[in-house]
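S.K.: Grabbed the feature section from TrEMBL, which reads as follows:
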type: REGION; residues: 1-20; note: region 'Disordered'
type: REPEAT; residues: 21-54; note: repeat 'TPR'
type: REPEAT; residues: 89-122; note: repeat 'TPR'
Amino acid sequence: MAEAEKGSATTRSKESNVKEEISLKDKGNEFFKAGNYLKAAALYTQAIKLDPSNPTLYSNRAAAFLQLVKLNKALADAETTIKLNPQWEKGYFRKGCVLEGMERYDDALATFQIALQHNPQSTEVSRKIKRISQLARDKKRAQEVQSMRSNVDMAKHLETLKSEMFEKLGSEECLKDMFSFLVETMETAVKSWHEASKVDPRVYFLLDKEKTQTDKYAPVVNIDKAFESPHTHSNCFSFLRQYADDSFSKAACLVVPKNIISYPQVWKGQGSRKWKYGQHDGFFVQYESHFMRKIWFIASTNEKGQTLCRNPEVLDIGAHEVLPRLFKEKLPNP
């Protein structure tokens with residue numbers, strides 16, 4: 001008789017625990033719906049203590065932890081849910097959501113695909129797969145853009161110019177000096193644009209180390225007023241041509257943002273609509289030497305929230321020069 005009573009008491013205790021567990025879970029659900037995720041998580045924890053083998057409780061707490069951005073705890077609960085019921089789609093769904101929050105998109109996608117295998121009719125999981133696929137593509141492209149921003153290699157884009165320069169210079173040493181000067185000037189401008197979306201209008205000079213009076217002539221001249229009017233433009237050009245001659249410069253590089261001149265034909269009386277880059281932001285780089293003149297436009301775009309300089313586009317210097325010739329022309333070496 002005593003044993004029967006004891007068994008009856010144990011049964012009543014279990015039933016009481018089940019009722020309390022259900023009550024705690026229901027209260028937790030109410031707080032979750034009300035947006036009080038901290039209280040909901042606490043109630044789910046109490047319920048888990050009464051029934052540590054119930055996957056639903058871990059799934060619910062994982063959802064609460066996810067809302068609280070306690071991602072490691074949420075992931076642990078999602079994995080426990082899966083362990084307790086490997087056939088239940090919800091555990092994989094919870095885990096996928098947590099991995100999404102961690103921006104582990106490839107892992108999240110794989111997890112949602114497992115969830116879909118367990119419940120092919122789930123539109124919720126299908127929507128998640130579509131969303132995560134897009135997020136994964138966006139993240140990959142953002143990483144590519146960041147890599148392009150961080151690894152500026154103008155020498156690669158100017159490689160075809162090397163042979164042309166060598167033909168006209170005929171000296172490996174002169175080629176190295178002038179090519180490096182051009183590459184470094186371009187890369188400095190691109191990095192400045194990436195950091196601040198601007199470049200200062202300047203002319204950089206490659207001074208002759210043996211002849212130039214470096215205390216009198218600086219390697220950089222600011223030309224921020226040059227494009228205010230045709231008059232200031234003409235005066236600036238005259239000054240720069242004299243400066244190049246007096247300083248014994250070997251070459252010069254003009255860097256100027258498009259937005260202060262609008263378009264390269266501004267001094268030729270042509271309209272901006274005749275130029276295909278008229279609607280693009282960016283800057284010009286004009287290279288000047290006795291043997292060669294070149295001009296490029298480096299367009300700028302905003303991609304994945306980041307400013308990105310596109311590859312330099314060679315322009316016809318006869319039609320698009322920003323400044324007239326600075327150096328007297330010399331014939332190529334025979």
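Including glycine, each Cβ sits where the backbone N, Cα and C put it.
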S.K.: For the repeat 'TPR' (89-122), how many residues does DSSP put in helix, in strand and in coil?
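M.R.: The composition, in the requested order, is 27 helix, 0 strand, 7 coil.
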S.K.: How does the repeat 'TPR' (21-54) divide up by DSSP, counting helix, then strand, then coil residues?
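M.R.: Computed counts for the repeat 'TPR' (21-54) are 27 helix, 0 strand, 7 coil.
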